[in-house]
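Take a look at the structure below.
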Amino acid sequence: MDEPELLTPSRVTRVFKEIGLHSLYHSPADTKLLCFQRFVRLLAYGGATLILVPYLKLLGINETKIGLFMTLTLVGDILISFFLTMFADRLGRRAVVAVGALLMSGSGIAFALSGNYVVLLLAAIFGVISPSGNEIGPFRAIEESALAQLSSSEVRSDIFAWYSLTSSAGAAVGTIVFGWVVQTLQARGWTTLASYRVVFFAYAATGIFKLALVCLLSKKVEPEKKPPPPHPEEEPLLRNEVAATPEVKKSLFLPHISKETTRLTIQLCLAFALDSFASGLASMSWVMYYFYTKFNLKEGQLGTIFSIGWVISTFSVLVASSIAKRIGNVKVSRRLRLRVVLD
């Protein structure tokens, strides 16, 4: 009996190529490690976001202070992440990501051991705690720079699609796993406060695990070294016969890019800023707390509901990758945002 056409190797290969899995499979080990690191990181973020507001409420902190807490957390993240990413290529990308992993672990320990508002606020500002369940800290910018360097232009959209997919997948796993862990511990007699602190201890352990993953990265993730300028004795004697190379002024904060690229970058930054502003009005931790109090849901049930949302988001990334190959990355992003508004 002939094999069904849908199961032929050639058709399966075409499907894998269409969703970018073929590109990820043949990518360097560093690329796979970077994607796995993001999965692990977002797993921890998802679990912490699920219980962040209820945990602060249990400590006797009112909503106004919690809102200030989240605002200052993001302000601290902006300043620290900006500083670390600006000097990442000079200090070493692996070193900066390792520092971020240690800060992440330190924040988890502080939240697990302390109930003081000031201590928690300082740990959130100078550490790595995500109020929204999304990316925070210096990791993403550095990892994306390394991925762009490791990937050819032909497969770059596939690699970044799977890098984004690991984010949604990690958050989905984190919310459902930690939600049911908390609910199971409470069913066995643990207090709510103690069960929440287990999540933060796990968060700290995840930071250490991420540090170990950073140590596995090779030197290929570091920025490519440019050849040093020629020695004066090696320069041509007849300077007038050689076209002089214009001297490029070094800038500490701005990259050397063309005006066209600068214009496009500004447009994209404004689009992302508007998107982040809208997301900030309905932070994931507050949305989860609303469901938690409004419908009297247990942590396991709450984690399951939001995990399903993350899973749906995961599949949408694969669709976006396929469409991007046909109409371009910016058009896909624009259409997805328009669909969200219309819905």
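Heads up, the Cβ atoms here are built off N, Cα and C, so glycines get one too.
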Of the residue ranges 241-261, 304-324, the one that TrEMBL records as transmembrane segment: 304-324
Segment proximity, the transmembrane segment (268-292) to the transmembrane segment (160-182), 3 or more C-beta pairs under 8 Å: no
Positions whose Cβ lies under 8 angstroms from the transmembrane segment (268-292), at least six residues beyond its ends: 49-50, 52-54, 57, 70, 74, 131-134, 299, 302, 305-306, 330, 333, 337
Other parts of the chain folded back onto the transmembrane segment (194-217), taken as Cβ under 8 Å at six or more residues beyond its ends: 30, 33-34, 36-37, 40-41, 43-44, 47-48, 50-51, 54-55, 58, 94, 97-98, 101-109, 111-113, 128, 178, 181-182, 185-186
